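Student: Please see the structure below; I have some questions.
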Amino acid sequence: MPTKSPAGSILPKSIRIFGQESGIIYSVEAGLFSFPYHLRTFIRSRWFPVTFMRVTPLPKAQIAALCLVRLVDPIAFTQIFPYINEFIAFLHVTDDPSQIGYFSGLVESTFAVSQLLFIYHWARLSDIIGRRPVIMTGTLGVALSTMYFGVSSSIVDLLISRCIAGVFAGTASVVHTVLGEITDSTNQAAAFPLYGLVWPIGSIIGPLIGGSFSSPASQFSIFRQTIFDRHPYFLPCFVAGLLSIVGFTLAYFCLGETLSTKRRFSAEKDYDHMSCTSKQNTDCHDDIPVSPSARELLSFPIIRALSLSGFALEANGTSFGVLYVLFCYSPIQSGGLAFPPSTIGYSLAFAGVIAGSVQVFLMPFLLRRIEAAKIYNLSIAAWPVTFLFLPTLNMIARYGLDESTGQLGSRSHSALWVGIVIVLVLSRVGGIAYSNNVPKPSYLGSANGLVQSSMCFSRCVSAAFASSVFAFSDKYNVLGGYFWALLHASIALIGCSLARDITRNSKNMLTEA
């Protein structure tokens, strides 16, 4: 029924508003809002082309449980970064220090390949059996494989353990799906930064665990003549594995099932629908959630754009992670900084602090004022600058190195850390991106799985490629040993052009809706 406005004009009960600034269509009910005076006056005068919405309350308990479960993943993943190159040297995989980068990239690529092969299948399985059992299985698998990694005694053990971890880490896309199912466009500006803060926190804790707990027998006598002496990198893996088990416990007791709720709601809606009066009516099955094929998903321009740009984003992030650790580990004369694992861990933890600050203070402001796709375009543009800035750190170290003592001067040391902070800030800015546009709500699980699959495929190639290019540049002194930086900056520029398709296709999809 129509509703009388204060001026006596007739307003429809349901109003459909297109937000020109936000690019989102909202359906609202008249009378549910207390309009400001200037807006009430404008409504009295004519049909209003304005944007406003009723904000859905956040499901705080579900989001808290989801964030706690998600936290263990970055901890298990990032805790190996500070010591992975030293671990490979400890196992005597190669006698040539310049070749260590090849093997560290191979270990990371093995993880990505196995994750790629299973991530989409986990996503489709979650559309059938539910999100909760898939998430719990993945969390427990990551815990056990992380502990196995710590007791590896050969490169084969390292590869097998990372392969197993990759299989179970494929459930990450299901966690993203759950977030999309318990939020909507009215409260994502609050939910996304909270959820996005989880990875930075894990990226702080993980490197601290890896850098502080590696080789404990050389630091504390209590660990001598124990398993931690024979396996100097088991303690950080053991701690990370225990945290993953805690995450599994939280998922069991706290995480609710979102898929069954959506199916129950859909079934009730279909039962009450006027067109579903006959069991023979095949149209009644149109609203039943069906897991689509990859080919069907790729027929939508927005999904293709998200997959390609996700590939580019992951290529930048993975390459930087591999190159930064190799860069810090390598001797100054070989184009690096000669940092020990503890210093590498502290710098990576600091990067996590930067990312967390961005999520808490910057993202809520941006998401309320700028479309997510535009934020993506702005953030990915930081990557070319990030790669080109890295070689300047080695130049600072070379210039300030005292050959007699092997130490940096105080001014050079300060300048070096200022440069590191700049690089890490740029890399964290380059990592912020949000998009949750799918053609149909029932496609959310499979769409996330497909996009995550493209990102995993990128990780398969990027890790080994980045470490190989770094080793090649160092061994043959191509462009003074800095060829890797120029090449990856060029690749990042290609990613910037791919990112523009998200904005264009996102607007087209919403306009057609």
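Glycine too: its Cβ is placed from the backbone N, Cα and C atoms.
According to TrEMBL:
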DOMAIN    62-513  domain 'Major facilitator superfamily (MFS) profile'
TRANSMEM  63-81  transmembrane segment
TRANSMEM  101-122  transmembrane segment
TRANSMEM  134-153  transmembrane segment
TRANSMEM  159-179  transmembrane segment
TRANSMEM  191-213  transmembrane segment
TRANSMEM  233-255  transmembrane segment
TRANSMEM  305-332  transmembrane segment
TRANSMEM  344-363  transmembrane segment
TRANSMEM  375-396  transmembrane segment
TRANSMEM  416-435  transmembrane segment
TRANSMEM  456-473  transmembrane segment
TRANSMEM  479-499  transmembrane segment
Student: I need to check the long-range neighbours of the transmembrane segment (191-213): which residues 6 or more away from its ends have a CB within less than 8 Å of a CB in the stretch?
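Tutor: Answer is 58, 63, 66-67, 70-83, 179, 182-183, 235-236, 239-240, 341-349, 351-356, 358-360, 363-364, 367, 428, 432, 434.
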Student: Which range out of 101-122, 159-179, 416-435 gives the transmembrane segment (63-81) the most CB pairs under 8 Å?
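Tutor: So the stretch in question is 159-179.
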Student: If contact means at least 3 Cβ pairs within less than 8 Å, sequence distance 6 or more, would you call the transmembrane segment (101-122) and the transmembrane segment (305-332) in contact?
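Tutor: Answer yes, regions in contact.
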Student: For the transmembrane segment (375-396), I need the partner stretch with the highest count of C-beta pairs below 8 angstroms, choosing only from 159-179, 305-332, 456-473, 479-499.
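Tutor: Answer is 479-499, with the largest number of Cβ pairs below 8 Å.
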Student: Between the stretches 134-153, 344-363, 479-499, which one has more Cβ pairs under 8 Å with the transmembrane segment (416-435) than any other?
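Tutor: Of the candidates 134-153, 344-363, 479-499, 344-363 scores highest.
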Student: Counting only residues 6 or more past its boundaries, what in the same chain has a CB within less than 8 Å of a CB in the transmembrane segment (305-332)?
Tutor: 81-82, 84-86, 100-101, 104-105, 108, 112, 298, 338-339, 343-344, 347-348, 376, 380, 383, 386-387, 390, 393-394, 397-398, 401, 423, 427, 430-431, 433, 435, 437, 447, 450-452, 454-459, 461-463, 465-467, 470, 474, 484, 488, 491-492, 494-495, 498-499, 501-502, 504-506
Student: I need to check the long-range neighbours of the transmembrane segment (344-363): which residues 6 or more away from its ends have a CB within less than 8 Å of a CB in the stretch?
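Tutor: Apart from its flanks, the transmembrane segment (344-363) reaches 78, 81-83, 192-194, 196-197, 199-212, 324-325, 328-329, 420-421, 424-425, 427-429, 431-432.
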Student: Any idea what the model's mean pLDDT is for the domain 'Major facilitator superfamily (MFS) profile' (62-513)?
Tutor: 81
